[in-house]
């Protein structure tokens with residue numbers, strides 16, 4: 001018989017999780033080094049009676065926190081991950097626990113992820129009659145800083161003997177009380193690029209004596225759009241987006257600049273598509289530079305690999321949550337081109353990330369929006385789902 005944890009069983013734990021969520025929300029921190037957030041998480045874990053707590057997992061300047069809860073008999077070790085960093089936005093929610101830090105707020109629900117995992121830890125620490133052990137992972141630096149990679153490179157799997165990984169993420173497109181699964185590739189390869197054209201500067205009235213990098217940059221941006229439309233199989237997904245061209249300033253109306261830069265992002269799921277994008281970008285940069293008689297340079301950075309939810313583990317987790325929540329509360333969703341550094345953990349060991357519904361009549365804002373606030377009503381559902389999956393997988 002499967003072990004089913006219902007949201008209604010977690011009332012006390014959920015209340016504590018929400019309190020810590022609000023506390024973290026008030027003092028958001030950005031990046032890999034989140035000293036106040038780490039301190040609050042450790043304080044919460046110690047108040048629950050957790051004995052095995054590790055800090056700075058990921059490196060001296062990476063405030064990853066790991067807590068271990070041992071069961072009463074042998075079994076697998078299951079890692080449950082919550083990201084903990086904030087975004088550089090000015091909060092406009094108006095909630096009582098609004099950010100007290102200028103240009104920093106929890107606009108992606110990471111405070112809720114932490115609160116949900118803390119609620120799960122609080123409950124299971126009081127009910128240790130289970131097989132295996134649970135490893136709660138509080139990871140900084142998801143928002144572009146690759147905190148997941150640092151924790152994996154620091155030996156997260158080896159140090160704690162993790163067999164499988166699971167996580168959740170707030171989903172404003174799903175009603176509170178519901179969850180969603182995306183089997184296979186669930187998020188994209190999230191890469192960034194910088195293109196620099198170096199020409200010959202001069203006076204705008206004598207363009208024949210210059211080699212104008214701005215003309216080359218504009219030409220390049222248009223040419224980049226042919227990668228998706230003409231080089232990638234239409235049955236596959238690709239995105240190439242130029243986000244900014246930089247060349248001089250508004251005061252230089254009669255100046256032909258020496259350099260122009262383009263920055264942007266690309267998204268793909270399959271490695272072969274990623275390879276095509278990189279190859280074609282290089283050809284376009286080289287060709288544009290040659291035709292404009294100047295130098296061109298492409299700097300391409302692979303940030304996060306595509307996150308792969310093991311279909312086998314999705315199927316098993318989905319079946320468990322259908323029993324815990326009801327068939328109508330568990331959805332299948334389509335993949336999206338966002339980035340997620342939980343992908344580094346799923347490259348190391350199998351598992352999956354599921355989407356946690358947070359939408360109701362007072363929670364309608366999308367993530368990365370200054371009006372977004374995690375829905376405390378979702379904590380019970382999220383914690384029950386994490387525990388149901390983890391306890392059954394640990395016993396398998």
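Cβ atoms here come from the backbone N, Cα and C positions, even for glycine.
When other Cβ atoms within 10 Å of the Cβ of residue 368 (Mn(2+) binding site) are tallied across all protein chains shown, the result is 13. TrEMBL lists 108, 110, 143, 169, 368 with the feature Mn(2+) binding site.
Residue counts for the domain 'Peptidase M20 dimerisation' (193-288) by DSSP state, with H, G and I taken as helix and E and B as strand, are 40 helix, 31 strand, 25 coil. Look at TrEMBL and you will find 193-288 tagged as domain 'Peptidase M20 dimerisation'.
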If I restrict to non-local contacts, at least six residues apart, and a C-beta distance under 8 angstroms, what lies near residue 110 (Mn(2+) binding site) in its own chain?
82, 83, 84, 85, 86, 142
When the pLDDT values for the domain 'Peptidase M20 dimerisation' (193-288) are averaged, what is the result?
98
With every protein chain in view, how many other Cβ atoms are within 10 Å of the Cβ of residue 108 (Mn(2+) binding site)?
23
Validating a neighbour-count step here. Other CB atoms within 10 A of the CB of residue 143 (Mn(2+) binding site): how many?
20
Cβ-based neighbourhood (8 Å from the centroid) of the Mn(2+) site, residues 108, 110, 143, 169, 368 excluded:
83, 85, 87, 106, 107, 109, 142, 170, 367
Taking the Cβ of residue 169 (Mn(2+) binding site) as the centre, count every other Cβ atom within 10 Å, in any protein chain shown.
25
